[in-house]
Amino acid sequence: MSMRSPISAQLALDGVGTMVNCTIKSEEKKEPCHEAPQGSATAAEPQPGDPARASQDSADPQAPAQGNFRGSWDCSSPEGNGSPEPKRPGVSEAASGSQEKLDFNRNLKEVVPAIEKLLSSDWKERFLGRNSMEAKDVKGTQESLAEKELQLLVMIHQLSTLRDQLLTAHSEQKNMAAMLFEKQQQQMELARQQQEQIAKQQQQLIQQQHKINLLQQQIQQVNMPYVMIPAFPPSHQPLPVTPDSQLALPIQPIPCKPVEYPLQLLHSPPAPVVKRPGAMATHHPLQEPSQPLNLTAKPKAPELPNTSSSPSLKMSSCVPRPPSHGGPTRDLQSSPPSLPLGFLGEGDAVTKAIQDARQLLHSHSGALDGSPNTPFRKDLISLDSSPAKERLEDGCVHPLEEAMLSCDMDGSRHFPESRNSSHIKRPMNAFMVWAKDERRKILQAFPDMHNSSISKILGSRWKSMTNQEKQPYYEEQARLSRQHLEKYPDYKYKPRPKRTCIVEGKRLRVGEYKALMRTRRQDARQSYVIPPQAGQVQMSSSDVLYPRAAGMPLAQPLVEHYVPRSLDPNMPVIVNTCSLREEGEGTDDRHSVADGEMYRYSEDEDSEGEEKSDGELVVLTD
């Protein structure tokens with residue numbers, strides 16, 4: 001007992017682990033006691049790589065410590081390694097066993113806090129140092145390097161995937177650009193093809209329009225009236241009435257024999273010229289005076305007959321001749337074209353005008369001669385008198401120029417005061433600027449197309465154009481207007497003078513002239529009454545306008561009986577000139593010149609207005 005207290009004091013003072021009853025072996029065993037709790041403490045700290053060793057270190061020091069506390073009483077270190085000291089003799093141990101245990105427990109309670117203090121300071125330092133060393137070791141371990149390498153691999157993989165994505169996006173953009181370019185090329189190609197198709201369609205339309213115009217011209221040529229009443233007598237220059245001289249073929253001169261009337265009235269377009277040398281030799285003097293009046297044939301052509309030698313042409317062309325020449329003028333009163341006019345079903349306007357003119361002529365001639373046979377005999381005699389024909393031709397040809405200069409009914413013929421060499425043209429408007437090139441293109445494609453057809457096509461195209469398409473041409477119009485204003489600052493637009501006509505020494509406008517002719521026709525209708533005569537053939541108005549006997553063969557005695565002797569003045573009858581000449585040779589050829597002059601003067605006075613009125617009607621309707 002007295003020996004244990006100094007042991008505890010000694011332990012408390014120096015802490016060296018020396019005991020009186022223990023050998024040096026106990027001191028050597030103390031060092032593992034100091035190491036044991038350190039190992040246990042360190043083992044208590046969880047190590048990631050060695051869990052089995054930590055559990056063994058933490059379990060081993062507890063078992064020998066308990067064995068030391070229970071089985072040995074002389075060991076100074078309560079936490080021994082498990083090997084007990086050699087026991088004392090059993091006499092002392094048996095005597096003081098229970099009391100020693102109590103003292104040991106009490107001393108243990110006093111010693112343990114001091115030991116814990118000593119162990120805690122040393123143990124904490126070593127534990128902290130070891131932890132720092134272990135932390136330093138952890139930074140450079142293979143696992144951390146593997147983790148870092150894994151992270152780097154992941155980053156490399158991500159970068160490679162990002163690069164692939166960028167490359168694919170770039171290639172897609174290139175493909176999209178190529179596709180867009182191809183689409184644009186396709187659209188441009190489609191647009192070009194559409195424009196070509198539109199151009200082809202326009203050309204086809206122009207061709208169809210040209211064909212339609214040609215067909216219309218052919219139809220008009222077939223249905224046109226055979227009696228043409230121009231406003232002016234034709235000049236010596238070839239007139240552009242129609243390019244085909246075949247239009248004169250259907251209207252052939254009536255043969256010498258009346259038996260051939262129906263053959264010539266039932267006309268056909270390719271009707272040949274009558275091949276009768278005797279008849280042609282007989283008719284040749286009759287055709288020469290009327291050659292300047294032929295509108296469809298060339299002048300001085302002996303083959304072509306007198307196609308348009310209607311009474312209206314004779315009267316209108318011979319108006320200004322002086323009354324000094326002798327010989328009557330109604331030489332073609334019964335001209336062949338008078339009957340085909342009604343036979344073809346021409347409108348009532350021209351036919352009625354011709355009938356009115358004939359009524360006026362008969363009204364004036366009836367007052368002078370007294371009977372309808374006398375002027376007809378004058379016609380028959382005048383056909384045979386060649387000096388009279390020469391005088392008539394001279395009187396008709398030379399006053400033609402005077403008539404052309406005196407009468408300006410056609411507005412496009414003579415404008416000497418406004419269309420001189422110093423005439424300033426107006427600046428072109430937008431339509432004219434556009435139509436200039438378009439007209440040239442159409443003429444290059446279709447050189448035979450008529451100007452009126454081209455104008456219709458251009459007008460329809462201009463109307464179908466939008467304002468945006470017309471804008472550059474309006475700008476060109478403004479530029480031309482400014483240029484024209486700079487070039488001609490004092491320019492003023494002077495419109496063409498209105499059409500006038502000199503009638504009885506007075507210059508009348510078109511409206512006044514028509515009104516005058518209308519009143520004259522009405523007065524002539526009211527003042528003229530035909531008394532019925534016995535033995536004459538009475539015909540209705542429908543027979544006069546549309547003679548039904550046109551295609552009927554008539555007996556030769558009947559024709560010879562009715563035509564020369566009892567001819568109705570209002571009845572348009574085709575007269576056979578050969579038969580008339582045969583009958584007229586035996587008649588009296590004595591007529592006073594005064595009567596002829598008076599007859600011609602009265603006829604010319606009324607026929608001038610009437611025939612010009614009829615000619616004006618035809619020109620305006622066309």
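Glycine too: its Cβ is placed from the backbone N, Cα and C atoms.
The candidates are Ser310, Ser335; Swiss-Prot tags Ser335 with the feature phosphoserine. In Swiss-Prot, the annotation phosphoserine falls on Ser386, out of Ser77, Ser83, Ser386. In Swiss-Prot, the annotation phosphoserine falls on Ser613, out of Ser334, Ser464, Ser613.
Between Ser92, Ser120, Ser235, Ser382, Swiss-Prot assigns phosphoserine to Ser382; no such entry appears for the others, which is not proof they lack it.
When Ser132, Ser363, Ser385, Ser566 are compared in Swiss-Prot, the phosphoserine annotation sits on Ser385.
With DSSP classes pooled into helix, strand and coil, the tally for the DNA-binding region (424-492) is 51 helix, 0 strand, 18 coil. For the DNA-binding region (424-492), the mean pLDDT of the prediction comes to 93.
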